[in-house]
Structure formats: structure tokens, C-alpha cells
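*Asks:* Questions regarding the structure given below will be posed in turn.
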There are 2 protein chains.
Amino acid sequence: MAKNVGVLAMEIYFPPTCVQQEALETRDGASKGKYTIGLGQDCMAFCTEVEDVISMSLTAVTSLLEKYTIDPKQIGRFEVGSETVIDKSKSIKTFLMQIFEVYAEGPARPTGGAAAIAMLIGPDAPIVFESKFRGSHMSHAYDFYKPNLASEYPVVDGKLSQTCYLMALDTCYKYFCYKYEKLEGKQFSISDADHIVFHSPYNKLVQKSFARLLFNDFMRNASSVDDIAKGKLSPFSNLTGDESYQSRDLEKVSQQVSKSLYDAKVQPTTLIPKQVGNMYTASLYAAFASLIHNKHSELAGKRVILFSYGSGLTSTMFSLRLHEGQHPFCLSNIATVMNVAGKLKWRHEIETYNSRILNGIEKDSNRGFLMQFPPEKFVQTMKLMEHRYGAKDFVTSKDCGLLSPGTYYLTEVDSMYRRFYSKKDGDYTVCENGSLANGH
Amino acid sequence: MAKNVGVLAMEIYFPPTCVQQEALETRDGASKGKYTIGLGQDCMAFCTEVEDVISMSLTAVTSLLEKYTIDPKQIGRFEVGSETVIDKSKSIKTFLMQIFEVYAEGPARPTGGAAAIAMLIGPDAPIVFESKFRGSHMSHAYDFYKPNLASEYPVVDGKLSQTCYLMALDTCYKYFCYKYEKLEGKQFSISDADHIVFHSPYNKLVQKSFARLLFNDFMRNASSVDDIAKGKLSPFSNLTGDESYQSRDLEKVSQQVSKSLYDAKVQPTTLIPKQVGNMYTASLYAAFASLIHNKHSELAGKRVILFSYGSGLTSTMFSLRLHEGQHPFCLSNIATVMNVAGKLKWRHEIETYNSRILNGIEKDSNRGFLMQFPPEKFVQTMKLMEHRYGAKDFVTSKDCGLLSPGTYYLTEVDSMYRRFYSKKDGDYTVCENGSLANGH
């Protein structure tokens, strides 16, 4: 039987187009810090008319197969997760079958998603599922949903959404601890996790969530809570569950006492979610990719706990054990292949270039390189996307100047709503210094 | 490790409202036999405004749990399959979480689906997956899809859809035979399957599909094809793959030579799909339920091959081994609990009653019992459903006179698109003679 089953390889793709949250604050007339501190977010990636959930998935999966020289025939099972759908009947998976077919046809819908993660699962992996420890919780809730089929946007109850998330976290953690204690004969606490990775709609919720786990440990009288923290949390020990979700004081105090543990265990997981925004299904794994990027040389032997959440709602807390692994399926190579720094730097290069053009320092010699950077351009793009949503019988600009070689992009939606994609010449490659390599 | 994992229990639900295909032919001005012989269909069930994919799923799952006295806490994993979605983000599974929660909230969208199947999977089952034999095929095709998010109806390319289905069948069968031959050291043919169950959008395609398998066996020189059949099929042995999908002569001859095998192996699986119509995801299992209903006392020791297909497309051929099993998880009890005859008879009772009212033989003493039987009423209902599709802020008639006790029904969609359901008093029960039992 296959042993040490887990993640052998990972690839992440996010669009180069993004908008700074600080600039958005100004544009929206929001108070300074509302998005950057209130939500804890730095930047938000978005798809222009040439990218969507299918093109990003095609790019990520193709790139993973190429960079690890995996023959598609070696893949025994293929699963696709997405927060939302392109078509109410035809699955995203079937679009990706193009990769696995010998002939290349061409054909998705923009969903406002802004990243795709591909993972190869198999035996003898450097990232092993510790599946005996797992806690799940599912419930029927209207926290975030998309009942208006003609609209790109969800119906969201922000307050309910946060409470649902934290209640699900509590419940999953309770079951997770129960399983651990039953099998290991000792109490579990956050001290037993070297890192904790959260589904990350916005960073502030991740901060609150980690603080909430510490509060759980406090209520369970676990060893992770020192005397100082105990003293500060004791005024809240008699709150009912409901009260504890509503208490701003508890939120503040628990974040304060968990700050140093947060910096050590969680902060290294926050880079991509803060820089790219809410990636829905990809969000948890983008946070995990941030950890690999930041800490790959120190992760061997470590335990990482992950909390997965989908509105509506379903949630699971599960555990991974990390090993260095064998090349190419090893932590250092996974970090090299994902090249998170290069991809972020490439966005920055575009941004700098744009600023120089906008400020008249440089002339725009290549229209394609002008990124939709200022918030006004972002808003214009969103308007075009709204107009295009659910539309048929149009061709896109096919403007892929900003895209790296090997990136898939949407070229046309025909009169029968059939979608066609092209791949920019070359393999998907961004150099570590953020410049584009010449593809072959 | 768990052994003999498979289906322990099944329940099927379809709405009592239906329209005769023969009456539809007349109403549509179609030639006589176009639907009944051309498609091979007898009757079509449909949801009125008080039922939808969520209410039917709630009814089927609740009924299974009640009739087998299963505590929801015993369920370790819960999977929901549906051809289409109610909401672009919130999963159907989360609606069903109501069943598993201690508190009863109330809350789906009509999708034109017309049946729901619930199955309990576990060890020591009477219906065991022979998972070593399995052939899958997936491909990117636009045979049937729903890109127009504001419309209830799909875009269908009928001819392409049939060719895609038959090509997928051929490919799955090829892989299935390959696996069988590799593991068993002998050739597989349809003679090795006691019954074959197909995804059944309409019965004619099932007839063609079985004939196609026989043609495959002929081309592979398998033992299932006798000399007479060989003689009749030999003129087609040099057709290319493409030609073979287009040839009406081959279709006719292969159906003719496979007729007696079809009657023995396939015909017992066709009852519910012919009576209820296209059930999409539930279709294959409704066909399998028909087999259990018709043959449960003769199935112990038999091998049943199933072909699952979803447009877009993904498909798998897999094998089941049947055993009598231990009460309550045994074939005879599964047949008793599903009570297919009773459910079909109950529809018939309503229909007869309606006819008597329509013909003035009886007075309608109970408006709720007037079924939407004549095609005009069916068309009216579809118009109401189109109007209601994607709508919010309305209450339904709550008219559940036609529904059996224990059936869930839609009562309201509020201004936030939240859906509310009620359960008709009593457990879901239809007597074998087709009358309704008093629920408790």
C-alpha cells in the first residue's frame, strides 16, 4: 500500500494585474488604513478580460506538469476545486481535459477569482497528510452565496460570515483535539503545531482566528497559555459562546496575548494572501505556499495544521508532516519552482514601469506593458468584466503583453457561448529577479 | 481494513406530477411515436413550484435514514452529486446539513431535475464495488452545457451529444476490458456481465449503447457474438470509427442482433428512466434501482456493469458484485424500502382520479389532488417555473396535497434569496398498492 501520501509538487499562478489597497482606499474615499489595517490586506490581484478561472487553471496545471516533467498519462485521478462555476452544468474539470488529450482544441468564465494552485498528490511525498488527525464541521448557512445567477457578485452578510467562520474554527478545533487526545493520550494545544495555516479571505480574520485558537486553549486549560495570558483572558472565561463571538474586548486582548506566537507560527503564511487577495478555494493553499516560500529550509520534521473553510458552509482542520523529500519532489525544489518572489517582483516591475509612464518619466513604447494599475483603471476593467459576464459572441483584445510566456488567455467566446483559449509562446517562466525568461 | 465496501441501502424519490409522452406528442403536434418509440420514453416527471432539487434530496436522504434507523452521527462522509446548481457558490450539500443538525432551520432552486437517489455506502454490503475493474474517459466537449446563467435551459447539440456518449462508452469499455484481461488472464465480453446498466437520458440511447457494446465485442472477436450476428455485422467491419458512429444501417443491424441479450441483460433496468425521464446524475442509479426492483430475488452472485456519463464530459464504466446481504442491508429489503411499484401506482391513482374529474365522472372534492396531468397544465407549470427561476421574494402555494407524507416542499424564497422548506407531516411512506399510509 502507498505510504506517506501527500503533496509531491505545487505550482501557483496569479495574474500580474493588481491594485494597491492603499490606492483603493483613496479612490473609494475610505478612511486611511481601512483596507490595509482594518482588513490587513496589501494588494489585490484581478483578472482582465483575457484571463479567467479556466485560463489560470490551465496555466497552473500545465506549468506543474512541464516543470516536473510529468507525463499526463501518469495522473490517475484529477480533482478540481473552485469557489464558483463558469457553467451551470459543464464542469471546470472537463475544460482542463485539453491538457490530457493528444489533440489540442481550444476553450471558461471570469469569476473574480485571482489565483490558481495545482498540486500533485502521491506516495513518498515531502508534505505528508497526517490523516488520523482531522476535524470537520458542516452547516447550512447563508453567510456568502451567489443566488443571482445573472450577477457576478455574491450576496454577503459580513458579520454572519465572520461568526460562521469562527464557529466552524472552534468546532473543527474541538474535534481535532479530541482525535489527537484519543490517539496520542495527551492534550493537544497550539504548541504542538509548528505552523498554522488558515483559509484567508482577508488577513485580519487570520489574526482573529489564531487568537481564537489561543482562547480555546485558555478555556481548555492547555499548556500553550502562559500565566500572563491567563491573567489577561480570565475576565472573559464566563462569556457564553455567542457573547464570545461578539466581544470586541476579547478580540483585542486575545490578539494582543497571541501576538508573539502569531508572528512565529502564522505570519510566514500570510504573504501571498495579503498580496493577491481572496483566492477562495486556492486561498488556504496559497497561504501554505507562502510558508514553503518563506521557510522551506527549516520545515523538515515540522507539523503544520491547516484550516479549510468554504461558505455555505463546510470546513475541516487537518495536519501535515513535512520532510525534505527527494529531488524533484522536495521542499527546496517546490519553493524554487513556485518562485513566489520572482512572480511578485514581476508585478512590481510592471508597476514601477507604469508609474514612470504615468508620471511622464518614460514613454509607453509597448502599450501591452501598461498595467491596469491605478484604481480608476481597475474600476474600468471591472465594468468591462460586468458587461462581459455571461455574454457571448465577442473576441477579446488578445492583449497578453503583461502575461508571462506559457500563460493561457481567453481569445473568444462564440455565438454558442463556447470559449477559446490560446497559450502565450514558451513555457511559463519568471526569473527570480522578476524579469521574464525567454521561453522556448 | 473495511471489506466488501459498497451500497448498503438505497432510497429513490421522484415527484408524483408527471405527463404522458403520448399526450405530449399530441400537444406538440409531433408525429405519433416520436417520443414513445423514437426516444423510447413513456412518461416524464417534473417538479411543480413546491419541489426542487433540494427538497427532493432532503426527502430521499431523510427517508433513507428513517427507514434504516440510521443515526446521522454514524455517517462519516457525505457526498452530493447534481447535474446542475441552485446557487453558484453555496453547495447543495450545505442545504442538506439541516438533516444532520440538531436544530431544524428551513431552506434550493428548481432545475428541472425530477428524481433524487440517496445511497448509504459502507462495509459488508450486498452491493459490492469490484473496483479493480474500472475504465474512465474524460474529454472537453460542448455537447450539453448551461452557459446562460439566467436561463433554466441548457444549450444542447443533440447529434454531438449522442456521438460523445457513444465514443465515451467505447473508450471506457476498451479500458475496462483491458483491466479485466490483465487481471483475470482472459478476454472480457458482455457475456461476463449478468446485467448492464446505462446512464439513461432517454431509452433509445440505452438500446443503441448496448448494441454498440455488442459491436465492440464483434470487432474484438469476442465469444459473446454468435455466428448469425457475425454474419450480419461483417459488412460493417471495415468502417472507420467516425463512420461507425454515423451509420444508421449499423445502428439498426446491431440493435437487431443484440435484441435478445438486451431483453435479458438491460430491459429490467429501464423501468424508472422510462417512467420518470432524464434524471441526470440520478439517472444511472435509478436504472440500477429498477433492476433491484425487478430482479432482487435472482441477483445474488451476479455481476452488474454500470456506465456513468456526464456531459462536458466525464464517464466511467465500473463493476458491482451482488450478494443477498444481511437484513436490513439486503437486496430484498432494499427493494421493499424503495417500493418502486407503490410509487408508480400512486402516480397512476392520481392520474385516474384526474381523468375522472376532467371527464366529469367525479367532482373535485380536494383541489390539491388535481394533478397537473394534461400537457396544457404541464406547459403552464413550466411557464410558472421559468418565471420563478432565479426570482426572489415570493411564497409558493404550499399546496402539497399530491405529495406523500414526509415529503419536503418549498414554501418561500425571501428578499435575500434565502429558501425555506417544510416537511409534510409523517414519514415518507407509500403503500405497495399505491395508496398513502397514515404517517405518524
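The chain as shown is numbered from 1 upward.
A Cβ is built for glycine as well, from the same backbone N, Cα and C atoms used for every other residue.
From TrEMBL, for reference:
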type	residues	note
DOMAIN	B:2-101	domain 'Hydroxymethylglutaryl-coenzyme A synthase N-terminal'
ACT_SITE	B:Glu83	active site, proton donor/acceptor
DOMAIN	B:127-350	domain 'Hydroxymethylglutaryl-coenzyme A synthase C-terminal'
BINDING	B:Ser161, B:Lys204, B:Lys208	CoA binding site
ACT_SITE	B:His199	active site, proton donor/acceptor
DOMAIN	B:372-424	domain 'Hydroxymethylglutaryl-coenzyme A synthase C-terminal'
*Asks:* With a CB cutoff of 8 A to chain A, go through the recorded positions B:Glu83, B:His199, B:Lys204 and name the hits, or write none.
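*Replies:* Near chain A: B:Glu83.
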*Asks:* By DSSP, what is the split of the domain 'Hydroxymethylglutaryl-coenzyme A synthase N-terminal' (B:2-101) into helix, strand and coil residues?
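*Replies:* Counts, helix then strand then coil: 35 helix, 14 strand, 51 coil.
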*Asks:* Of the residues named as CoA binders, B:Ser161, B:Lys204, B:Lys208, how far apart in Å are the Cα atoms of the most distant pair?
*Replies:* 14
*Asks:* Note the mean pLDDT of the domain 'Hydroxymethylglutaryl-coenzyme A synthase C-terminal' (B:372-424), expressed as a whole number.
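*Replies:* Summarising the domain 'Hydroxymethylglutaryl-coenzyme A synthase C-terminal' (B:372-424) by its mean pLDDT gives 84.
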*Asks:* In the domain 'Hydroxymethylglutaryl-coenzyme A synthase C-terminal' (B:372-424), how many residues does DSSP assign to helix, to strand and to coil?
*Replies:* 14 helix, 13 strand, 26 coil
*Asks:* Whose Cβ lies within 8 Å of the mean position of the Cβ atoms of B:Ser161, B:Lys204, B:Lys208, the CoA site, other than those residues?
*Replies:* B:Gln162, B:Tyr165, B:Leu166, B:Pro201, B:Tyr202, B:Leu205, B:Val206, B:Ser209
*Asks:* If you run the three-state DSSP split on B:Ser161 (CoA binding site), which class comes out?
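*Replies:* The three-state answer is helix.
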*Asks:* Work out how many Å separate B:Glu83 (active site, proton donor/acceptor) and B:Ser161 (CoA binding site) at their Cα atoms, rounded off.
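*Replies:* Here the two Cα atoms lie 15 Å apart.
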*Asks:* If you count the other Cβ atoms within 10 Å of each Cβ, which of the recorded positions B:His199, B:Lys204, B:Lys208 comes out on top?
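*Replies:* Highest number of other Cβ atoms within 10 Å: B:His199.
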*Asks:* If I take the alpha carbons of B:Lys208 (CoA binding site) and B:His199 (active site, proton donor/acceptor), what is the distance between them in whole Å?
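*Replies:* Counting only the Cα atoms, the answer is 12 Å.
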*Asks:* Same-chain residues six or more away whose CB lies under 8 A from the CB of B:Ser161 (CoA binding site)?
*Replies:* B:Asp143, B:Phe144, B:Ser311
*Asks:* Would you mind checking how many other C-beta atoms are within 10 angstroms of the C-beta on B:Glu83 (active site, proton donor/acceptor)?
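*Replies:* Result for B:Glu83 (active site, proton donor/acceptor): 21 other Cβ atoms within 10 Å.
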